[in-house]
Amino acid sequence: MKNTYNLRSITAKAINQVLDQGQSLSTVLPKLQQNITDKDKPLLQELSFGVLRVLPQLEWIIGQLMVKPLKGKQRILHYLLMVGIYQLAYTRIPAHAALAETVNGAVTLKHSQLKGLINGVLRQFQRQQLQLMECTQNNSSHHLHPEWLLTRIQKAYPQQWQQLINANNKKPPMWLRVNRIYHSRDEYLTLLRKSGIDAEPAPKSPSAIRIISPCPVTILPGFDKGWVTVQDLSAQECVELLKPINGEKILDLCAAPGGKTTYILEIAPESQVVAVDIDEQRIKRVKENLKRLNCHATVKTGDGRHPEHWAENQQFDRILLDAPCSATGVIRRHPDIKWLRREEDIAQLVQLQSEILDAIWPYLKKSGTLVYATCSILPDENCQQISSFLKRHSDAKLAGTETNDCLGKQIIPELNGGDGFFYARLTKR
């Protein structure tokens, strides 16, 4: 049975909703995927993520191929052209199919009169592809980052910025966390190999496995039974730094979607975990993950700046604060971050992090441990944030995560195979 939709036009709509309406792909794609077949969902994701990964390059190429940019109601066709060029430059889709489907996308988008324009621009790109792609390696579009973010990264990492940028522009690896309640990591590796899935263990993590060629979770042995969870290596490490212990009261603040909550409970299944997040919709994901993994926690909707509304005068032995942040360490996983984030957001996020840290500190027991974590690579949110916190709180001290140049542990993307992350482990005197 032939599909009644055009996938390229749907992708153009996804790009439009990100760039012109400020929505994230993680919000946009699930809604758009409701009306397409399971077979087409990976391609929609590949095209949407791919276009946003190399956006400046596509913008520059279209600027070379067209005299006037498409504006107003025709702007959606600008994004359709991006989808077409991305297919020709970066995918194995046969050129004739990429052209035909993209041109038909103009009809689906109710711009039949511009089919010829779309066809002409794409064919012109085909003729000039080698020359144009070579030019993009030597012009302002080369780094594939907004100028403000590139400048900040260069300032923060004068020796490593190129490595960091290159990592951001790659497709991310797929990491798993083995639930050791059911299997050891080596046992699960054997199950993967028996299923024909190539994988390798992380050198220093007790639970992490990297899938060599990312695959649907539905084919992972025991995924629906809670044997394994998809979670980046760096995200796993911050829970390991927390060192949860059975019998303790543990708070996971800003917990959604619940990956760290469930890992706490896998390490210490008899701990009393409270998982809190401000987003009611994302709290549903926490509950879903707890159910799949057969874990039990108290789940609450609440603002980290106002624990008096949900903490009920409790004090905790350990607190994991995965703070709201710029997410600049996970750009390879969420390339839309580059275009949704604004430079002025950083100061606001730093202020929010500071307020949450100050508000939650009194709820940590004496001699208790707090792990502050972000998926950011920017010093303002990380080392500098912890430096300011230590100056405000004389009863706080770092506990073994500091390095020579940082009050905590800063990981840049791909350094250990994981995402960009920051951790600081604090104890209360």
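Placed from the backbone N, Cα and C atoms, the Cβ positions cover glycine too.
Annotated in Swiss-Prot:
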type	residues	note
ACT_SITE	Cys375	active site, nucleophile
BINDING	Cys254, Ala255, Ala256, Pro257, Gly258, Gly259, Lys260, Asp277, Asp303, Asp322	S-adenosyl-L-methionine binding site
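Recorded features from Swiss-Prot, shown on the structure.
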residue: Cys254; record: S-adenosyl-L-methionine binding site; Cβ contacts under 8 Å, 6 or more apart: Val276, Asp277, Ile278, Gly304, Leu321, Asp322, Ala323, Pro324, Ile356
residue: Ala256; record: S-adenosyl-L-methionine binding site; Cβ contacts under 8 Å, 6 or more apart: Asp277, Asp279, Arg282, Ile283, Arg285, Val286
residue: Gly258; record: S-adenosyl-L-methionine binding site; Cβ contacts under 8 Å, 6 or more apart: Ala275, Arg285, Val286, Lys287, Glu288, Asn289, Leu290
residue: Lys260; record: S-adenosyl-L-methionine binding site; Cβ contacts under 8 Å, 6 or more apart: Ala235, Cys238, Val239, Asp252, Leu320, Asp322
residue: Asp303; record: S-adenosyl-L-methionine binding site; Cβ contacts under 8 Å, 6 or more apart: Ile278, His309
residue: Cys375; record: active site, nucleophile; Cβ contacts under 8 Å, 6 or more apart: Ser234, Ala235, Asp322, Cys325, Ala327, Thr328, Gly329, Val330, Asp419, Gly420, Phe421
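Of the residues the record lists as binding S-adenosyl-L-methionine, namely Cys254, Ala255, Ala256, Pro257, Gly258, Gly259, Lys260, Asp277, Asp303, Asp322, the two whose Cα atoms sit farthest apart are 19 Å from each other.
For the recorded site, Ala256 (S-adenosyl-L-methionine binding site), the DSSP three-state label reads coil.
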